[in-house]
Structures are given as C-alpha cells and as structure tokens.
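Okay, so here's the structure we're looking at.
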Amino acid sequence: MTERYIGLMSGTSLDGVDAVLLSMDEQGRPRVEADSFLAFPLAIRQQVLQLQPTGPNELDRAARLGNELARLYAEVVAQLLAEQQLPPSAITAIGCHGQTIRHAPHAGYTLQIGNHALLAELTGIDVIGDFRSRDVAAGGHGAPLVPAFHQHVFASDAENRVILNIGGISNLTRLANGAAVIGFDCGPGNMLLDAWCQRHTGASFDANGSWAASGRLHVPLLQQMLDEPFFRLPPPKSTGRDLFDLAWLQAQLAQQPDIPASDVQQTLLQLTAHSIADAITRHCPDTRSVYVCGGGALNAALMQALQQQLPQQVISSTAALGLPVHQVEAAAFAWLAWRFTHRLSANLPEVTGASGLRVLGALYPR
Ligand SMILES: Nc1ncnc2c1ncn2[C@@H]1O[C@H](COP(=O)(O)OP(=O)(O)OP(=O)(O)O)[C@@H](O)[C@H]1O
Ligand SMILES: CC(=O)N[C@H]1[C@@H]2OC[C@@H](O2)[C@@H](O)[C@@H]1O[C@H](C)C(=O)O
C-alpha cells in the first residue's frame with residue numbers, strides 16, 4: 001500500500017520551514033506530491049540565534065522556543081494538508097528535523113529543538129524526530145544524514161554524481177558506481193553571506209548575490225579564511241553555527257585592515273565557492289556531474305563563482321533529476337520517517353563515522 005509522509009526541515013539558514021508531502025509505494029519508490037513553506041518571523045530567528053552561545057536561562061528559553069517552533073511546524077502541516085485537501089489520517093507520519101541549536105558530536109550530543117509531543121497533539125499525526133542522536137550514540141557525527149536519501153533517489157548506473165546542498169552550511173554527497181558513498185559538510189554555505197548582508201543592508205539574504213557582485217574580492221582575507229583548520233580535516237566531518245558564525249567572521253576581519261562591506265560580501269561568496277570546489281577537487285576528482293540543491297542554488301553569482309572554480313565539472317541543479325532545489329532536504333526527512341516506520345536503518349556509517357547501521361529517530365504517537 002502506498003503511504004504518505006510529511007517531511008519538515010528548518011535548517012541552519014533560519015529562513016523558515018520547508019515542508020514536503022511524499023508518497024512511498026510498496027517498492028520503496030518516493031514521489032513528491034506537494035510542498036509548502038512558512039517563513040520564520042524575525043523574533044523566532046533572533047531567539048534561535050540567541051540560543052547559539054551559552055547564556056542565562058537557556059533551558060527555559062530553549063523549551064519555550066521549542067513550543068513556538070512546534071506551533072509553526074503544525075501551521076505548515078495544516079497549510080499543506082489544506083492545499084491538498086487531505087485529512088491528517090491520510091499521513092502515516094511526520095518526519096521533523098527540528099531546529100539545531102548545538103552540534104557537538106565530539107562531546108557526544110547534537111541538539112535539535114521543537115516540541116514533538118506538542119506537534120503530535122496539534123496535528124493528530126504521528127511525529128518522528130531526533131534523527132541524529134542515535135548515530136552520535138554509535139560514535140558518528142549524526143550529520144550529514146541526507147547522503148543516504150541522495151543515494152536512494154539520485155544514484156545512477158549511467159554516471160557518477162556529486163549532489164551538493166548549499167543551505168546555511170554546504171554539504172556534498174558523491175555517488176559513484178561500485179564505490180562507497182562519500183558525504184561530509186564542506187563548510188559555510190549561505191550562513192555567513194546571510195549574516196553579513198543582514199547586518200549591513202537589513203535584508204535577510206543577498207538576492208542573486210547582487211550585493212556581493214558589486215564588491216571586489218579581498219585575496220588576503222580569502223586566503224586567511226581558507227586557512228581555517230576545518231577545511232583541511234578529512235571526513236567524516238560536520239559543522240554548523242557552533243563554528244561558522246558572525247563571531248568567527250569578526251575574528252577573521254580583526255586581522256585585516258578595514259575592508260568595504262561589499263568587498264567582504266564578495267569575499268564570503270568566494271569562500272563558499274572555493275571551499276566547496278576544494279572539497280570536490282580533493283574528494284571527488286573524477287566526478288564531472290554536479291547537481292546543486294538548497295537555497296544557494298538560486299544565488300546566480302554564487303553558481304557562477306563555483307563554475308569558475310570547477311571548469312571541468314558540469315554544474316546543474318537537482319531539478320534536472322526531478323527534485324526542485326527547495327524540496328530535497330524536506331523530502332529527505334519524510335523519507336527518514338518512512339525508514340523509521342519500517343524499522344530500516346538510515347545512516348551511512350561510511351559517511352557519519354558511526355560504528356554501524358542504525359534505525360534513526362524517536363516516535364511521538366498521535
Ligand atoms: N534568490 C536567492 N538568491 C540568493 N540566495 C538565496 C536565494 N534564495 C534563497 N537563497 C539562500 O538560501 C537560503 C535558504 O536555503 P535553504 O532553505 O536550503 O537552507 P536551510 O534548509 O536552512 O539549510 P541547511 O541545508 O543548512 O539545513 C537563504 O537563507 C538564502 O541565503
Ligand atoms: C547538525 C545539523 O543540523 N547539520 C545540518 C546542517 O545543515 C547542512 C549541514 O549542516 C548538514 O550536516 C545538516 O543537515 C542536513 C539536512 C543533513 O543532515 O544531511
């Protein structure tokens with residue numbers, strides 16, 4: 001019997017929550033039926049950012065914010081169901097990523113907040129969340145998790161592929177015939193670009209990279225930023241706001257003379273492009289086809305910079321493979337919910353570094 005799942009992804013960009021309605025047939029073939037999006041109110045974005053560093057009363061703030069997030073998640077689910085004229089009973093389960101506020105696999109934890117019990121209460125649908133903790137408990141990074149989904153939907157006998165997600169953080173998956181999947185976080189995607197743009201223009205992101213395009217590359221700053229040790233670490237590796245935040249950028253800028261704000265933006269754009277290109281050149285040198293997803297795929301200047309750094313590669317988007325760029329991660333969490341429901345493992349130990357295959361997630365029954 002075909003089952004329907006809803007995937008909810010609110011990622012490191014803090015732009016909002018993406019939702020996808022995914023059907024899974026008996027052969028385990030996924031099909032996206034619809035998607036929806038709800039932007040985060042500014043207050044929510046600020047509260048998430050304020051929880052990133054340790055601070056007073058953080059347990060209370062995190063719990064209250066978890067409730068607010070659950071209400072937003074319930075709203076986008078209601079929106080999606082109304083658009084599709086489906087009752088909650090048509091959905092087997094929601095796969096909810098939650099909002100990452102800490103990612104510390106080396107300390108043995110990663111924390112995604114969002115009150116799943118409240119989400120089950122508000123929607124009347126089974127909720128599966130906390131997908132990362134079990135992989136971390138098994139010695140893995142708990143991230144990235146989407147490479148397993150990428151393998152399921154994008155692997156091809158005809159060509160080797162890199163699937164590149166450019167969200168707040170960028171991460172890649174290499175799918176090659178007869179070889180183990182490679183997957184890891186490359187570094188900052190849109191995160192620093194968004195933060196700098198917000199600070200200097202008030203806009204939450206630099207549409208099409210046009211502000212960056214008005215600036216000039218500052219080579220010493222770029223070289224200094226590329227010296228960040230994370231870029232040289234071998235996989236498995238993952239990162240987040242815990243490392244690449246505004247404080248990191250300010251520490252970098254403090255070592256340079258005053259640089260015009262638009263030049264910094266251009267240099268940050270080049271940092272994203274160079275760090276991704278380095279990762280592909282180093283770890284996937286023979287893979288020519290690169291398919292991009294995530295919001296960064298919509299940044300024309302960034303895509304141009306990436307192509308310049310990767311002249312041998314053919315860069316297109318996952319839309320060419322049937323999944324529009326904004327659907328991929330939310331679809332992955334719907335798929336993860338399907339894996340959990342059927343008690344199928346969902347991590348790739350070769351990617352996360354876990355000691356073995358694990359069923360990922362925790363269930364909050366409706
Ligand atoms: N037209 C555009 N021009 C430039 N950037 C864009 C455009 N549209 C979206 N973006 C960027 O994409 C971001 C959202 O991307 P996405 O939804 O993939 O992030 P996410 O899901 O939060 O990330 P992650 O993969 O880290 O979990 C925005 O914050 C913005 O930086
Ligand atoms: C800890 C965490 O939330 N990591 C996210 C983040 O956003 C992109 C990148 O960093 C990736 O590692 C991961 O998300 C995707 C969905 C993943 O697990 O594959």
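The backbone N, Cα and C atoms fix where each Cβ goes, and this holds for glycine too.
Source: prediction; values computed, not measured.
Taking a C-beta cut-off of under 8 Å and a sequence gap of six or more, VAL17 (ATP binding site) has these contacts in its own chain: LEU8, MET9, SER10, PHE37, LEU38, PHE40, LEU72, TYR73, VAL76. The ATP binding site annotation in TrEMBL covers GLY11, THR12, SER13, LEU14, ASP15, GLY16, VAL17, ASP18.
A Cβ within 8 Å of the Cβ centre of GLY11, THR12, SER13, LEU14, ASP15, GLY16, VAL17, ASP18, the residues given for ATP, is found for these other residues of the same chain: MET9, SER10, PHE40, GLY167, GLY168. Neighbour counts were taken as the number of other C-beta atoms within 10 angstroms of each residue's C-beta; across the binding-site residues GLY11, GLY16, the minimum falls on GLY16.
Secondary structure at ASP15 (ATP binding site), taken from DSSP and collapsed to helix, strand or coil, is coil. By the rule that a residue counts when its Cβ sits under 6 Å from some atom of ligand 2, the binding-site residues GLY11, THR12, ASP18 yield GLY11, THR12. If you take the C-beta of ASP18 (ATP binding site) and look for same-chain residues 6 or more apart in sequence within under 8 angstroms, you find LEU8, MET9, SER10, GLY11, ASP35, SER36, PHE37, HIS326, GLN327, GLU329, ALA330.
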